[in-house]
Amino acid sequence: MPPKKQAQAGGSKKAEQKKKEKIIEDKTFGLKNKKGAKQQKFIKAVTHQVKFGQQNPRQVAQSEAEKKLKKDDKKKELQELNELFKPVVAAQKISKGADPKSVVCAFFKQGQCTKGDKCKFSHDLTLERKCEKRSVYIDARDEELEKDTMDNWDEKKLEEVVNKKHGEAEKKKPKTQIVCKHFLEAIENNKYGWFWVCPGGGDICMYRHALPPGFVLKKDKKKEEKEDEISLEDLIERERSALGPNVTKITLESFLAWKKRKRQEKIDKLEQDMERRKADFKAGKALVISGREVFEFRPELVNDDDEEADDTRYTQGTGGDEVDDSVSVNDIDLSLYIPRDVDETGITVASLERFSTYTSDKDENKLSEASGGRAENGERSDLEEDNEREGTENGAIDAVPVDENLFTGEDLDELEEELNTLDLEE
């Protein structure tokens with residue numbers, strides 16, 4: 001199969017480009033970071049020579065300009081197409097709780113809205129003009145009254161104004177400059193706006209819906225207080241800078257002396273206060289004193305109280321039918337916990353040698369010896385005890401002699417025959 005020419009050509013272009021970049025790197029090695037004009041000019045010439053060969057620089061610049069023009073033409077074409085065929089308008093998003101009728105429909109602006117009166121957004125383009133910020137220091141009704149002059153009235157309107165101004169209802173209605181509390185709450189809670197209606201009757205509300213001049217809201221007061229506050233570090237630096245250069249340097253000795261002096265001053269002040277209160281108490285000026293101060297000023301009252309106290313004890317009587325469930329209570333005697341010697345008369349006391357001596361074995365307890373066991377089974381023979389006593393008397397324990405001919409080969413053979421001929425049923 002013959003090779004693909006297009007693939008070869010594409011591959012050769014990439015390889016050629018890599019070769020050119022490699023040649024440029026080799027020839028300009030160590031010169032890229034040089035800031036001299038000659039080095040930069042040399043790098044530019046080498047790059048141009050390797051990439052474009054012996055082409056004229058004017059031709060290269062012309063080809064680049066043509067490429068740029070082509071890009072600009074493409075952009076212009078796209079703009080014309082967008083103007084002819086209007087793109088899809090993105091769906092509108094409004095904040096939670098906002099009235100959609102207060103927002104102009106984006107599709108209606110582009111002339112693409114097909115819903116008509118069913119559209120939840122407004123088709124009134126004049127709403128955008130009403131989006132200017134409303135002043136909370138001006139009542140809109142005052143402006144309407146200023147614009148509503150007598151030049152525009154007819155006879156019917158004039159009669160209506162006269163009745164309102166001089167009628168009985170107007171006379172009964174009190175005049176006030178008090179600001180509506182609902183109006184203030186709406187502003188404090190950021191609920192005031194174009195579509196806010198006063199709960200006190202809307203436009204019929206008798207109170208003013210405008211802040212008086214110089215009135216400051218609570219949220220603005222908090223902001224001002226926060227701005228006036230300074231941090232603890234700034235306060236310390238400010239106080240320290242106000243001391244000046246002529247101050248005593250703080251050392252351990254000076255600090256301890258200052259602390260001692262302050263403590264003494266505090267004690268002296270407390271003593272002076274106590275003397276003053278004592279003098280007031282004696283003169284009868286001190287009307288409110290604590291019980292502790294009474295006994296401090298007149299310590300003789302402590303003994304008088306003990307002597308003159310009424311020692312009569314009162315008991316609460318119980319009914320005849322009730323059962324006396326009295327519980328005897330014994331006080332704790334601390335002398336019981338004092339260690340002392342025990343009287344051993346008439347008491348059998350175990351000797352301390354019980355942990356080192358062993359009791360004599362009985363005949364019925366020698367099962368381990370009969371079965372060939374030794375001292376590790378918990379039993380000891382008389383021979384072992386005698387040998388142990390003799391060894392302890394001599395200062396050492398001798399080894400027990402072992403009879404090597406106790407079990408000979410003949411005895412073992414006889415024992416095996418007896419085991420084989422043993423009748424298990426019996």
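Backbone N, Cα and C define each Cβ position, glycine as well.
Here is what Swiss-Prot says about this protein:
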COILED    61-86  coiled coil
COILED    218-285  coiled coil
COMPBIAS  1-12  compositional bias 'Low complexity'
COMPBIAS  13-29  compositional bias 'Basic and acidic residues'
COMPBIAS  53-62  compositional bias 'Polar residues'
COMPBIAS  64-74  compositional bias 'Basic and acidic residues'
MOD_RES   Ser231  phosphoserine
MOD_RES   Ser351  phosphoserine
MOD_RES   Ser360  phosphoserine
MOD_RES   Ser381  phosphoserine
REGION    1-30  region 'Disordered'
REGION    53-74  region 'Disordered'
REGION    236-260  region 'Required for interaction with DRG1'
REGION    299-326  region 'Disordered'
REGION    358-411  region 'Disordered'
ZN_FING   99-126  zinc finger
ZN_FING   174-212  zinc finger
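The DSSP breakdown of the compositional bias 'Polar residues' (53-62) into helical (H, G, I), extended (E, B) and coil residues amounts to 6 helix, 0 strand, 4 coil. Annotation note: Ser231 (phosphoserine) sits in a coil segment as assigned by DSSP. Counting every protein chain shown, 8 other Cβ atoms lie within 10 Å of the Cβ of Ser231 (phosphoserine). Each residue of the zinc finger (99-126) gets a DSSP state, and the totals for helix, strand and coil are 13 helix, 2 strand, 13 coil. Across the compositional bias 'Basic and acidic residues' (64-74), DSSP assigns 11 helix, 0 strand, 0 coil. Helix, strand and coil content of the zinc finger (174-212), in residues and according to DSSP, is 11 helix, 2 strand, 26 coil.
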